[in-house]
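Enquirer: TrEMBL feature annotations, pasted as is:
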BINDING   C86, C89, C126, C129  Zn(2+) binding site
Amino acid sequence: MTARDALTKNQLCVLEKLEASSGPLSAYTLLDQLRERGFRAPLQVYRALDTLVKSGFVHRLESLNSFVACAEPHDHSHSMTAFAICDNCGQVTEMSDHDVDHRLDEWVRSTGFAAKKAVIEFRGVCAKCRAEAA
């Protein structure tokens, strides 16, 4: 049995909608898109998202107050994920690097800070949009 098999019906619906999306989705956009599947209240979406984020299936983009499905295989392990977010088309690229993760972890620990999570978001213009503008 995989971790995905343990998801509830609502969690799986939210995850599948995020996986099929070409960009990040807010909780209310998810609710609107899932009404046909029986979703009626924001709480249904927020509960599913909370579990999906905690279990690593989904990431919350702080600057957009929206969510994306994790691009990495579910059995990966990293505490830091960075995102490149295109301000033109909304494309989100997920990046994780164990060396960078390790160095940032060391730096944070050396300061005596107890980090709960780390989110790095780069905002700018993706290569495709830059090429189209040229």
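Backbone N, Cα and C atoms are what each Cβ position is placed from, and that goes for glycine too.
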Enquirer: Mind giving me a neighbour count for C129 (Zn(2+) binding site)? Other Cβ atoms within 10 Å of its Cβ, every protein chain shown.
Expert: 16
Enquirer: Mind checking which of C89, C126 has the fewest other CB atoms within 10 A of its CB? They're the binding-site residues.
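Expert: Ranked by other Cβ atoms within 10 Å, the binding-site residues C89, C126 bottom out at C89.
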Enquirer: Cβ within 8 Å of the Zn(2+) site's Cβ centroid: which residues qualify beyond C86, C89, C126, C129?
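Expert: Result: D87, N88, G90, Q91, V125, A127, K128, R130.
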Enquirer: State the three-class DSSP label for C129 (Zn(2+) binding site), counting H, G and I as helix, E and B as strand, and everything else as coil.
Expert: helix
Enquirer: Return the residues near C86 (Zn(2+) binding site), defined as same-chain residues 6+ apart in sequence whose C-beta is under 8 angstroms from its C-beta, sorted by sequence, else 'none'.
Expert: V92, G124, V125, C126, C129
